[in-house]
Structure formats: structure tokens, C-alpha cells
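What follows is one structure encoded as C-alpha cells, with my remarks underneath.
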There are 2 protein chains.
Amino acid sequence: MVPSATETCQIQAMNERSQWVLNAPEPPTLWHELVRLLRKSILPDPTNPPSKLVLSFVKGMFPILHWPQSYKAMKFKKDLMADLTLASLCIPQSIGYATLAKLDPQYGLYTSLVPPVIYTVMGTSREIAIGPVAVVSLLLSSMAQKLEDLASDPIAYRKLVLTITFFAGLFQATFGLLRMGFLVDFLSDGAVVGFMGGAAIVIGLQQLKELLGITYFSNKMDVVSVMKATCRSLQHPWNPHNFMIGCSFLSFILIARYLGKRNKKLFWVAAIAPLISVILSTLIVFLMRADKHGAKIVKHIQGGLNPSSLHQLNFSTPYLGEVAKIGVIVAIVSLTEAIAVGRSFANLRGYHLNGNKEMFALGFMNIVGSFTSCYVATGSFSRTAVNFTAGCETAMSNIVMAMTVLLSLELLTRLLYYTPTAILASIILSALPGLINVNEAYKIWKADKLDFLACIGAFIGVMFASVEIGLLVAVAVSFAKVLLISIQPGIETLGRLPGTDIFWDVNQYPMALKTPGVLIIRLKSGLLCYANANFIGERIMKLVTEGDDEDNKRTTYLVLDMSSLMNIDTSGIASLEELQQNLAAKGIELAIASPRWQVIHNLRLTNFVGQLGGKVFVSVAEAMEACLGAQMAATSP
Amino acid sequence: MVPSATETCQIQAMNERSQWVLNAPEPPTLWHELVRLLRKSILPDPTNPPSKLVLSFVKGMFPILHWPQSYKAMKFKKDLMADLTLASLCIPQSIGYATLAKLDPQYGLYTSLVPPVIYTVMGTSREIAIGPVAVVSLLLSSMAQKLEDLASDPIAYRKLVLTITFFAGLFQATFGLLRMGFLVDFLSDGAVVGFMGGAAIVIGLQQLKELLGITYFSNKMDVVSVMKATCRSLQHPWNPHNFMIGCSFLSFILIARYLGKRNKKLFWVAAIAPLISVILSTLIVFLMRADKHGAKIVKHIQGGLNPSSLHQLNFSTPYLGEVAKIGVIVAIVSLTEAIAVGRSFANLRGYHLNGNKEMFALGFMNIVGSFTSCYVATGSFSRTAVNFTAGCETAMSNIVMAMTVLLSLELLTRLLYYTPTAILASIILSALPGLINVNEAYKIWKADKLDFLACIGAFIGVMFASVEIGLLVAVAVSFAKVLLISIQPGIETLGRLPGTDIFWDVNQYPMALKTPGVLIIRLKSGLLCYANANFIGERIMKLVTEGDDEDNKRTTYLVLDMSSLMNIDTSGIASLEELQQNLAAKGIELAIASPRWQVIHNLRLTNFVGQLGGKVFVSVAEAMEACLGAQMAATSP
């Protein structure tokens, strides 16, 4: 059969296009791309003049400099109102979380004073409420206690916590400067939900100590140890005063919360309930002298502003490496919480949060905090929600809140002498349900079983092993999932969608038509590498062998659609060579369609293209045309 | 403008195809696929009748049962010749490697007796020479010495090594039964090359002890410790006899090797050189009574066949977990070496190696080995190469070799009394250059910088830290590379290839044409997930903003080609939603082209398709047609 003029023309055009594939310019290597990406994200845009650059850098570092143009008296009034609500929640929570971190109560107040002010000057989120949070306090105390025994040397323990705070801040600021915002993305949704839920339960169980007035308690934090310690204590006589005070005020706070949720206008009832509880319970204890009858009280809280703690930072410990490691973990967990909180509220208001600037701001704030007797501060979910509902407009509310904390540090600490510790436990307990997000967990279960596995793994790890193991499980499962999907040795058979030149998975489109004698296979993995190349080669050969039995026409061509393949390594090319030989032994010709830049480059380098006899095409359709043309030429005389 | 009849028809067909995308059947979840894959690979094919199944299972387990049909006298003669060469290399190497594993010399011979016989019955490789190898011996002694001090209790140390051998065999057999052949694929080429090279240097440095006749030597294996110990020893008077014997015979062996390489027919000179060295040096020492002048000799080697060691396996140690861990590491390293060796020679002969069967055979062989005083055996690269060059036809050569070892155990051990230990060191040293593969490392450097990083990491890790850390580095870098490529937040701009409906990367095909006003973006990652979703979203928005300045026509459409996206998680969908809102705020419409099965399923589940207003198309070309159609409709009255 002599081809007509138009056919010849078509064939020529097709050959030319095959040449396009083969003569593509050299692609940038992964190495170069990484370097370029790093340079682009770290160095500033070089087109701006230097003077403007400095100004924009400074303005970028301190978003507060943008405010004078837009900040109005009206906004301030709104912020003030939001703040007073916020402060009434913040003061009791700060004291409670300080006890969770095994520090004296005033350290919680210190942490609600300096960091919020610094964040206001540098941060980009408008709603976030900065201060101590439950999960970070727990993480800190659980890890620091392994290095320094709290009971034997509380001063060394405090020094350790401050040093960890310094390191955490340093790492956060460094992540921000190096634009490593993606680090906080490395905990998947499922992992965060599971971790928070597990931590909430562990924190809740820790509160049993105060709520039951138990003196001897387990130092370990997992569920089994705590339950054992509690059971052991209950066999001894225990004091019901603490329990009664704690439970009655816990009910009060929860009812107030419920009211606030039912009626959005009453949100302030929920917000000030903790402060009211503190005042009422203090009064009750004071008037009834319940402390004489066994009710535990806070006792002395050091008044006055944050003292300097520069001399308390201890860089000459033998386990400085351990301290830095804890610093990294605390840094990442608190960043994850802060940015998750910030992002969700920024989305509600419809503006975008700059992850890198946030990280730098939070880091700088914690470094300064470590110089002024603060422990690790971050964005609190419960307080941010109150702040948002109260209608704050700018991060200014953080400053007003800090002022209130300042006033109470100066004036009110003496009034807190008779505050029962059980009330702090009930305030912490009342904040926990917000951390256990069953709905989200159910959503994750519906959407992605493997993500749910990360969630459950983190949850169980935190509850039954330790906070760090829970985190580790979460990160490992998240990564394992990514790896599994990336290198799954999957292949799919393609068919032509009727009426088009599109070839797609026949399982996805049942109407797709297979061409007899030609097998079109697409790889499901983005990478043909040492980890999956052999497996994929074997699966393709199996499919070819099975395909022979299925339809009567013998397979003579195999088109390999490489469109989804991002990269191929030496093992991958070796397995392709093996595949080509195995196919040739069965009399099947191999053609390659739509290779990407890096892939065709590697195939050309190793001369696999030469082995194929140049059967490389821009698309599956062109490969099919070439195959069928060759088949027709072979069958016709 | 009223569309013509054919145009209406086309539009209808396109809409119908969009419906195909949206109404695809539900895809199998990753979970189901994993279960199916596991079931398929573990359970046998159910279509065969049970009787046939048992027979094929037994035949599968013992490939030797296939031989009677094909094994001929001619083959046996060839095997016999190959064997005698092999045995002359095997006996001195076995004794040397036993000293490397810090065991008595006869244990090396034991390990060259039982495992090869069992492998012959069960294995599928024809050329592989089974026995003790240098790297595994080193790994074993370096890890076992941490648990049990050799100097204080050599019997406990031997028991430990045998128990590790049992565990290694158990794990190998289990991997084989569960068809986890892919496990050995998890060390990338680069990692293996680097690890082997580093191990060779560490082994070489260990030989300095024997070569210099140093009595007190470092127990640590890293380069720094060994060099320090050597320098310290050299300050004391040292005996030159050992050094002279060792060096002169090392030169002899290396020259013989060189001759063998130059002239392929003289390969047997290289192979028997070690045995000749042993005989000559033993004679020299015996005749000159050099042992009286400070030359160290092997002394007593226990004669007789392998004694049973069943009672020596010790499962009641307090560190059984540690023992099992070492077992896993040794199992994987020795499998990697055996299968790499087996595969490369199988490729040369043009047959295929069944990884799972190999694993089971090697595992079973090591389990039996641990009952009969053998330590971990695997395929040796140097001996396999000799075996191949000598022209062996079947694994029968292993049996003949074992017989020779048996004879020498029965008859020759007494003759080895005066063999200088320096000669064993020089035999080990002479085998090392084969492990340092500079050419391959250079190839890897040319092909893939990140794989080279794994190579260098493993090399440095083994040399300067420890064998395990080297392995860990290699595995970690290999995985990090896969992760990096899988989740790299890359995007590429597509353009139409002239004369076709194909849209492809404009960097790869510089002739591709962009359509003004429409931006077509393809994701480079196979996964849009928590780890890269935010980053990709930001990059797309940046590209859109920059695109506005570039050409005068404002972008009104953005087509997202999802063809390479294998999966998308909740974070990915959230970032798509954010992207869509950001684009809408700029007056840009988002369309999605060629989503895969799992992706469109997830998008449909979360109703993102509804948000898009159904702008989902089977291909970029169709999406473009729809966009341009809408544009024309908008501009015409």
C-alpha cells in the first residue's frame, strides 16, 4: 500500500514531533531547582533599590508600621471591649497552665505579658491571642522533667525551662528567616487532630491530682500510670473539699459555656465565668477558712513585673544537645498550633497569613520571653476564639490584654492567696473539650483511612506512651503515607475515549475502548526508582502474559504512557531495559509516550532511546498511530 | 453570535465528556488496593486444583526438582572444574572472614559447608557462591561486640553470633514467605555502593592489626579510632616478620589478579593464588620456625565436621530484642548483597531471579546454619565472579565446593597450624578492591546528585561513625530523596504544541504556544497533600500575579492540569478552595482538566466540583475549547 500525499505529510509531521521529544533542551537538575528555590525564597527581590528594600524589610518585619495609616479610634474601642473579655479568661488560664508546666503561678502571668506585646508589633494575625497554652505546657513539663528532677531542684528545673524557651524561640525565628514555613505543614491534619485529642485527655487526667487533692501522684503522664496512681491514692483517705469546689465550679463554667454557645450575644458569660469562679471560690475559701480543713490553696504568688532571667539561661549544662532537641520539638508543636489557629481565623476574615513572618515573630517573641522569665508562648485556640467573637479588629487587643495582666501582677496577686488549686484544675478541664475534635476525626475517617491511622496513632501514642512518642508516630505515619502513594507500584490500562484522541484509565471510564493487539499502560507512580522499579516491571510482564489469554489477538505493541512520571533513576532505567528485552523475547515492541523533561533527559543520557529504536512519541495518540501504521504496513503486501 | 449546528453538536459532545469525568465509578481506596495487593502476592492462584498446587509449591520451593529433566553429564564436568577453582579461593577466604567475625577459623569453614548445600537444593541462582562474606562478618562482629564482650567471654560471644544467625535466617525466610522482595530494593544503588566502599576501607584498616602484628588494638571500628590505635602501637617496637610475609604475598596475589584480568584464560591463576600463598607461607614459617621469632600463626584449628549448635542458641538473654534487631539488619544487608550479586550475573546469562524464592532459600539456609555452627552466609561477590568465569552451569558447583571444604575439614586442618595470620589479612585485603567501586560512584555522580549524596553519606557514615550509622544514613537519604521528588511543590506552565491538541511544558518544548489570557498550569508533584498544598497554592498565585505584568492581555482563565496528580488529601482540597477564592477575587475563573480517578472522587466527595461550577474537563484541550468559547460568547454581542 502506497501512502497518499496527505498521509506522508502526516507521518512527516509526526516524526518531527518525535524529534521534539528527543531534542528537548537539558532540564535543570533537582539539585539546581532546590538551590534556585532556596535562593529565591531567602534572598529578597533584586529589582528593588536598596533604600526601598530596607524600608520594606523593616515594614515587613514590623507590620505595626502599616497601622498608622489605617488605625482608627473606632477600632480601638472595639479592641478594648474584646480585650477586657479576653483578660478575664486569660488570667485564670495563665495561672492554671503554669501549674501544668510545673512552674510557679506568676510565670503564667509573666508569659501573658511580654510575648503578646512583642507579637502585636511583629505578627500578621489580627485575632490570635498569645500566651501559655495547655498542650505546650504539658509537652514542656513532660520532657523537661526527664532531664531535671523537679522535686529535688525546682530552681534548676526553672532554668532548664527558660533555656528550652530560648532554644524554641531561636529555632522558630530561624525557620522564619530561612522561609521554612513548610515545616509546620509536615504534620498532617489527622496527626494534629489525634495529637491534640490525646494531649487533652492526658492533661485532663493530670488535673485529677488537684481535683482530688492527692499529694503523691505519678510523675509519668501516660494514662496507665496516672490511673494506677489515682486508684492507689483513692485507697487512702482523701479530702472531699477540693473535689466539691472543683466540680461545682466546673459545672458552672460548662453551663456558662453552653449558654454562650446557644446565644451568641452571651459569649461574654462564657468568657468571664472562669474569672467569676476564681473570685467566688477564693471568697468562699477565705470566709470559711476551708484551707484549714484540707482545701489546697495557691498561697503566695510573687507580685511585680517580669524579673530579668538573662542570668538564668544555662548554656553550660552537659545535656545541651538534649535541651536543643526539646527546643526543636516544642518549637514545631507550638508553631503548628499558632499557625493552625491563625490560619483558620484569617480564613474566616478572608485575609492571608504569611507563615514565614509569623514564625519569625513567634520566635523573636519567645527569645525575648526567655530573657524576661516567660516560658514558651504561642497562639491559644480557646482565647483566640473568644477574642474573635468579642469582635477584636487588630492585634492591639493583645496589648490591652497585656496591660490588664500587668495591673493584676502589680495589684492583685495578694488577693489570689486563698484561691483553691482545684479551681485552676477545673478551668484547665473546661478548656479541654475544645481540643478533642471528634467531628473532624470522623471527617478524616470518611475521607482518608491512612490519615485516620496517623490520627489514631498519635492519639494512642500520646495517651499510652508519651507525648513525644505520639508526635513521632504521627509524623512517621504521615510520611509513610506520602511514601506509599509516591512509590506504589501501580499500573493502569488505558483505552481511547470514544470520539477523542484521549487515552485514559479504562476503570475510571468504562466507555473507553481498547485497541486489539496494543496494550497501553500508564504508571501510577510519580517516580520509577530503586524502590518500585523491579516490582513495576514484574507487574507489566504479568499483565502482558495475562493479556495474551484474554483476547484472541496476540499483543504486538506495548505503549508505556509516562506522563505521570516525574523522575527516573538508574534502577528505573535498568528495569525498563529489562522490560524491553523481555518484551522483545515475546515479539512485542515497546514504545514510550509523553515522557516528561527529566525522564526523557535521563533516558537519552543512558541511550535507552537508542535501544528503543527511537519509538518515543509526544502523546499516546501519536504512538498509537505509529503502531497501527506499522501494523498495517506489515499486514499489507 | 448564534452557534452553528455542528458547533452545538460539538459542545454537546464535550459536555457529555465532562459528565464522564464527574460520573466515574467509585475508585478502590488505597487501603483496599493494599489489601488486594497483599492478598494477591501472598495467597496462591486459586484456579489451580489443590494437588497440582502442592506439587508446584514443592517444586517452587526446591528448584532442584526441575533439574533431573535437564541436568546432563557435560554440565557436571563443567561444574566440577569451576568448583575446584572456587574451592581454592573459598578455603582461605572462609578462614580469613571467620577471624573478621572474631570467631575461630573453623567456623568460616563450617559456614562454607552446610549453607551452600542447602542453597543448591532451594535457590534459583546458578552462579552464586554461598559462604561467609567480608561485609557481613564485619557488621556481625561490630554489632555483637556491643552486647557481649569478646575478650571476657568468647563462648557467650559465639552463642550470641549463632543466635543472631538464627534470627537473620528467620527474618529472611519470613520476608520471602510474605513476598516482601521489595525490601531489598529499599537500599538505592548509591547507598549500596557507598556502604560497600566504606565497609571495605574499615575492613582493610582492621587488617593492619594482623599485618603489623599488633597485640593491643582498638575495639572500635571507625577510621579515627583505628588510626589512633595503630599510631600508638607503632611507637612500641613491632615485629617486622608479619609485615614482610603479609606484604610480599599480598603483592603476589595482586599480581596474579592483574594477570587474570589481562588474560581471561589465566583467571585460574588469580583464583588459586590465595591457596598457593597459604601453602607457601605455611611452609616458610614451618621451615624457618618464624613463629619463634614473633610471626603470629593460626595454631590449632578444630578438625571434623560441623558440630551441632542447637544447644548454643540462647533465647533467654535479657537483650533478646537487641539480638532480634541486629538479626533484621544483618538479614537485610546480607540479602541486599546476595540478591545484587545474583541479579547481576543472572542478567549476564539472561535469566530472571525470583527475589522472594531467593529470600526464602537464603533464610532457610541460615536457620539450618545456626543449628550446625555456621554464622551468617550469603552470596559472595568475588567468589561468584570466579565461579562464573570458571564456567559453572548450575548451583551444583556449590555442592562440589562444599565437598572440598568437607575434605579439608576432615584432613587438612592440622596442616594449617603454622599458617601465619598475616597471610589471612593479605587475602582479605586482596578481596577488598572489588568492593570499592569508584567507576559506579562516578556514574552515580553524573546521573543523580542526590543518589550520590546517599552514596557519600553511607561511605562517610561507615568510615567515621559506625557500620550501622552508615546504613542508617544511606536509607534515610534514599527515602528523603523519594519524599523530596514526590512532594516537591513544583508547577509548570503548559503551551499548545503547534499542529496538535497536546499541551505540554513550555520549557521542555520551546516551540509550544501560549494562549493569551489563559494560563495552563500543571502540578509537578504526584500528591497534593498537607506537606505541599499551601506552598503550591502560593506559587500558583505568584505566577498569576506575575503573568499579569508579562503580557498585556489580562489573565481570565486558569486551567489546572491534574493529570500527574495521583491523590489529594483534605489539606490539598482546602488549598484548592482557597486558590479558587483568591482567583475569583481577581476575576479569574478556575477550570480543572484531566483529573485521575481518586482525585476526582475526592473532589466530588467534598463538593469542590460544585464550587467550580462543573468546570471539569477530560483534557486540557477540551478545557481550552470551553474557555475560548466562553470568551467569544462574552466579547460578541
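Glycine residues also receive a Cβ, built from the backbone N, Cα and C atoms like all the rest.
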The annotated transmembrane segment range in TrEMBL, which must be one of B:242-260, B:527-545: B:242-260
Touch test for the transmembrane segment (B:319-339) and the transmembrane segment (B:266-287), at least 3 Cβ pairs under 8 Å: no
Same-chain residues near the transmembrane segment (B:415-438), Cβ under 8 Å, at least 6 residues beyond its ends: 92-93, 95-97, 99-100, 105, 134-135, 193, 196-197, 199-201, 203-204, 207, 209-211, 213, 242-243, 245-247, 249-250, 253-254, 257, 274, 277-278, 281-282, 285-286, 290-291, 295-301, 381-382, 385
Beyond the flanks of the transmembrane segment (B:242-260) by 6 or more, those residues with Cβ under 8 Å of it: 210-213, 266-271, 273-274, 276-277, 280-281, 284-285, 290, 294-296, 420-423, 425-427, 429-430
Leading stretch by Cβ pairs under 8 Å, where the reference is the transmembrane segment (B:160-180) and the options are B:118-140, B:186-205, B:266-287, B:359-378, B:450-479: B:359-378
Residue numbers, six or more beyond the limits of the transmembrane segment (B:118-140), whose CB comes under 8 Å of its CB atoms: 61-64, 86, 90, 93-94, 97-98, 100-101, 108, 111-112, 161, 164, 195-196, 199-200, 202-203, 206, 221, 326, 329-330, 333-334, 337-338, 341-342, 345-346, 349, 351, 353-354, 357-358, 360-362, 364-365, 368-369, 375-381, 383-384, 386-388, 392-399, 401, 428, 431-432, 435, 467-468
The domain 'STAS' (B:525-627): DSSP-derived helix, strand, coil residue counts: 56 helix, 16 strand, 31 coil
